[in-house]
Amino acid sequence: PVPSAWHRVSLGEPRDLFALPSARRPPPPPRWPVECEVIKETIEHIEWVPPEPEPFCQPMGHEWPPTTLSEEQGAVVYHLSPGSREQAAPMGAPPVSPSPHRHPSLLPPAVPPGSCFTHARVGGAPGPLSSPAAPLEGPRDTTLLFESRFESGNLQKAVKVGPYEYVLTLRPDLYTAKHTQWFYFRVQNTRRDPLYRFTIANLAKPKSLYGEGMRPLLYSQRDAQSRGVGWRRVGTDVRYYRGGGAEPAAFRLSWTVRFPHDGDTCFFAHSYPYTYSDLQRYLRALAGDPVCSQYCAVRALCRSLAGNTVYLLTITSPGGAAAKRVVVLSARAHPGESGGSWAMRGFLDFLLGAHPDAQLLRRLFVFKVVPMLNPDGVVVGNSRCSLAGRDPNRAYGMALQGSFPGVWHLRAMVERVLAEREVVLYCDFHGHSRKNNVFMYGCDGGGAGTGLRLHQRVFPLMLSKNAPDKFSFPSCKFKVQKSKAGTGRVVMWRMGVSNSYTMEVAFGGSTLGRRNSHFTVEDLKSLGYHLCDTLLDFCDPHPAKFQQCLSEVDALLRQRLGREPGSGWSDVSPSDLES
């Protein structure tokens with residue numbers, strides 16, 4: 001079942017609960033489904049860029065690593081199961097075994113997949129918190145203390161299978177039994193010398209960049225406080241492989257690591273976290289900037305199912321708005337793709353700054369920006385879905401305002417804009433788990449005139465020239481597949497936005513130029529600047545750059561398909577152009 005208009009605020013709630021960002025008061029705290037327990041501590045991380053590139057590690061193949069014990073023989077040291085307020089067994093207690101009829105990766109999720117969202121509140125579940133972590137037996141007990149009940153956190157269960165070895169289970173997206181990819185959790189009671197092994201046992205995708213040298217992220221609280229060092233890539237013997245049994249979510253990620261300090265508080269994550277509260281803090285800073293507020297208006301596009309505000313930024317210089325074309329950008333339809341938020345941050349930092357190109361962009365265009373389309377999914381640590389239990393980036397073609405309010409209101413806003421003026425570009429920021437580099441998906445429906453079919457390839461080609469060490473034009477695809485009919489990119493294109501794209505940012509990094517290393521936060525933010533730069537090239541009133549790129553696209557495709565110069569493209573199917 002899909003929830004109806006539960007995102008509407010009841011009359012009894014205080015009006016300032018959904019107030020827009022203000023420099024004079026803190027932003028409203030996020031609202032959580034009432035099934036979710038939330039710890040009171042605020043989790044924040046410093047921004048940091050490593051002084052040297054972080055290279056990919058040597059891929060270890062797809063074999064199982066050596067293990068000490070099977071999961072069934074280990075001791076459960078963390079188990080998040082809010083429905084039953086279940087506690088983990090203390091160390092030394094008899095091991096907790098799963099039912100013999102069920103694969104260990106399919107233990108009951110924190111919220112039963114058959115249920116659906118009903119209502120939300122600040123702070124999540126009322127009442128005292130349960131104790132999902134096993135208590136330590138004394139100062140010599142080296143068991144790690146796990147925690148994930150914070151914003152964007154995801155870890156459901158940890159089983160200790162050796163002195164320094166743990167098998168982990170991720171929580172599926174709420175109200176589903178699927179989509180296990182994003183992880184973000186805390187560990188305490190670390191020891192500096194031992195080599196630890198962590199194995200996530202229930203990942204959903206058969207292929208991952210972890211199988212090609214990508215490494216997980218670690219954050220040490222002590223290093224952040226004493227040395228100003230933030231998130232960094234760690235892990236040796238990183239393996240991605242099929243687990244045992246025939247269950248669907250049975251792929252495993254395993255890595256070994258040494259912690260930098262005794263008694264530290266550390267975090268692991270799939271990608272650099274960017275939470276709903278991070279966005280609100282950023283918007284609050286904008287509200288307090290008297291210069292920015294002259295050309296940036298922050299409004300509520302709508303409220304999410306849980307009642308969190310979906311923000312809409314309108315950015316343009318005062319005056320002359322009637323003649324301006326429009327650019328529409330969005331991010332975080334898929335909450336686990338946090339790199340999209342960092343690219344969006346870089347875009348906003350540049351566009352709202354004092355650089356002459358930023359001033360020119362604000363004079364030329366009206367920018368409509370939705371920086372976080374699915375705040376509920378981000379808050380609860382989902383990988384792909386909203387609280388409707390479905391993928392919002394397949395819902396643009398549905399008239400389901402009550403189920404997918406962010407998507408519905410974004411589409412309605414673009415329809416209103418198109419009735420009055422041209423939308424020169426739509427771009428939705430995403431993350432990609434199987435291919436490195438940055439690339440775009442565009443829309444070639446076939447049948448259009450020769451020029452138009454190639455025009456959609458010009459913007460991505462320009463972007464590849466402006467970011468040659470990150471953006472791969474050969475990785476771009478333009479075929480409109482049936483399975484993608486409900487995506488923002490395809491629906492906006494069918495509505496009349498001819499330059500409509502999904503920008504995919506790899507979770508890993510770049511293999512281009514002389515690079516063979518992970519993306520940093522700075523790399524991700526730079527994509528926003530490169531998008532601005534490319535927009536100016538693309539819309540340059542002097543057509544030389546556009547024509548040069550159009551000729552280059554034409555020559556590239558002719559070379560690939562062995563076609564004679566001068567012959568058109570209208571008789572070539574999108575599949576053939578793609579091959």
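Just so you know, glycine gets a Cβ as well, placed from its N, Cα and C.
For 83-110 (among others), the entry in TrEMBL reads region 'Disordered'.
Per DSSP, the secondary structure of the region 'Disordered' (117-136) breaks down as 0 helix, 4 strand, 16 coil. Taken from TrEMBL, the feature region 'Disordered' applies to 117-136 (among others).
If you look up TrEMBL, you'll see 127-136 marked as compositional bias 'Low complexity'.
This prediction places the mean pLDDT of the domain 'Peptidase M14' (272-539) at 94. The annotation domain 'Peptidase M14' is assigned in TrEMBL to 272-539.
The active site, proton donor/acceptor feature in TrEMBL is assigned to GLU504. Residues within less than 8 Å, Cβ to Cβ, of GLU504 (active site, proton donor/acceptor) and separated from it by at least 6 positions along the same chain comprise HIS430, GLY431, HIS432, LYS435, VAL438, PHE439, MET440, TYR441.
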